């Protein structure tokens, strides 16, 4: 078998939707977690520097920010593992379909995973059962754990609902920073508004970031414009936008996983057709 033919057969058996969704998931989670972590740090610095001089005013906010940062660490680890498992599930379903319908030209891992459902080749002969390849044995063990694609569909569905909440929450800081940036634009170009520059403010207390008794709690006029021109504000704003984009990419990947797994499972269990994802 030539190299090109071997590569072509490998590509034919690859679950392309799962591969794309896995790459999108890793990219989105990395963007969301990395940029979100740094954006929270930047927010903490902005609050400490410009919006409150009393540590007790933002002590609770700092605790919340640190808690979210720890959650980000766990989220990155979880999605790295779960994305890999969903990719394995894609190979699993593909291998099972091809095994059931007589196409044995799958990868070693695909055969090992599919063997847990189909029973696989037993290798009977004079020497008894053949000795399995080490990688195939590992995949068979993994396949026993992945042998319930319907449960993976359910877990992914629940995870998608949960991530919808995370996606919505990631839009909140973007909204706050965008409003602040819009106010700064009105200050920089006073002809666009009829309000007095001194009355144009960004109030952190209004969004619940600081308690109402925090002082000063808000920044107005030219002082606010100078904050918007700092690299800290601009970087934090763009980091939150990047985190929002990462959350959106992760949501798309989860939807792709769920649709592909649902369709694949239906084909495998109900329709009996060798379609793969």
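Sequential numbering from 1, following the chain as shown.
Here the Cβ of each residue, glycine as well, is placed from N, Cα and C on the backbone.
Per Swiss-Prot, the listed range annotated as transmembrane segment is 152-178 (candidates: 152-178, 179-205, 206-232). If you check Swiss-Prot, you'll see residue 44 and residue 235 are listed on the same side of the membrane. Using DSSP to sort the residues of the topological domain 'Extracellular' (179-238) gives these counts of helix, strand and coil: 36 helix, 7 strand, 17 coil. DSSP states for the topological domain 'Extracellular' (37-59), grouped as helix (H, G, I), strand (E, B) and coil, give 20 helix, 1 strand, 2 coil. A separation of roughly 7 Å, to the nearest angstrom, links the Cα atoms of residue 220 (disulfide bond) and residue 199 (O-palmitoyl threonine). Spatially close to residue 201 (disulfide bond) yet at least six residues away along the chain are 183, 218, 219, 220, 221, 224, judged by Cβ distances under 8 angstroms.
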